[in-house]
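What TrEMBL records for HIS99, HIS101, GLU105, HIS144 is Ni(2+) binding site. Residues or ranges marked as Fe(2+) binding site in TrEMBL: HIS99, HIS101, GLU105, HIS144. Here TrEMBL flags GLU98 as site 'May play a role in metal incorporation in vivo'. Residues or ranges marked as site 'May play a role in transmitting local conformational changes' by TrEMBL: ASP104. TrEMBL lists ARG107 with the feature site 'Important to generate the dianion'.
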Amino acid sequence: MTTIKIQESREIIDNQEEVVSFLQGQGVIYESWTLSKLDDSLHEKFDLSDSEKESIIEAFREEIEDISARRGYKAWDVISLSPTTPNLEELLKNFQQEHHHTDDEVRFIVSGHGVFIIQGKDGRFFEVHLNPGDLISVPENIRHYFTLSDDKQVVAIRIFVTQEGWVPIY
Ligand SMILES: CSCCC(=O)/C(O)=C/O
Ligand SMILES: [Fe+2]
Ligand code: NI
C-alpha cells in the first residue's frame, strides 16, 4: 500500500485508487507486484550475498522481463541499504540531494520501505511512501530525491534503460 503526502498542503492520499490516479496524472508509473514468488528466507532480509541478490531477480524475472519488453529497459540489479551498509550515510547524502536523470528511474521495493519526493506538475513536491510489492518509475528529467523511512532499510530492484541514463544530475 502506497501513501502520497503533498508537502506544502500536507494533504495525504492513502486510498489506493486515488493514489494510482494521482500518480498517473503526474506521469509516474506505479505497479503492484505480488511477493508470493519470493522465498521466505529473503523477505525482510537486508544483508544479501550476490547469490541471494540473483535469487531475488529470479523470483521477479517474469515481471521484470514483462515491464522491460513494454518499456525498453535493458538492465537490472538489486540494491540493499540498511544500518549495516558500510557507507550508508554517504549514499543517503547523495540520494537526499535534489536531482534528475535523463532516463526514467524504476524501483521495485522487495523489503523495507523507501520514500521518493518528486516535483509535481504544479511545482510542489509530493512524497511517495513505498512498501514491499510497490514499483514506481520517476519520469526522466523530473526533479526528485530519495530517503529511507523510520525503519532505515530497503531492498529494491533497480531497472534501467542504460546505467548511463541513471547518472544523477544535481
Ligand atoms: C530504493 S533505491 C535508492 C534510491 C535511488 O537509487 C535513487 O536513484 C534515488 O534517486
Ligand atoms: Fe534518482
Ligand atoms: Ni510496512
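Placed from the backbone N, Cα and C atoms, the Cβ positions cover glycine too.
TrEMBL entries are annotated by machine, without manual review.
Note on ASP104 (site 'May play a role in transmitting local conformational changes'): other Cβ atoms within 10 Å of its Cβ, all shown chains, come to 22.
Here the recorded positions are HIS99, ARG107, and the one ringed by the most other CB atoms within 10 angstroms is ARG107. Checking the recorded positions GLU98, HIS101, ASP104, ARG107 against ligand 1, the ones with a C-beta less than 6 Å from an atom of that molecule are ARG107. Checking the recorded sites GLU98, ASP104, ARG107 for a CB within less than 6 Å of any atom of ligand 2 leaves no residue at all. Annotated pair HIS99 (Ni(2+) binding site) and ARG107 (site 'Important to generate the dianion'), C-alpha to C-alpha distance, rounded: 16 Å. When the Cα atoms are compared, ARG107 (site 'Important to generate the dianion') and HIS144 (Ni(2+) binding site) turn out to be 14 Å apart. Of all the recorded positions listed here (GLU98, GLU105), the one with the fewest other CB atoms within 10 A of its own CB is GLU98.
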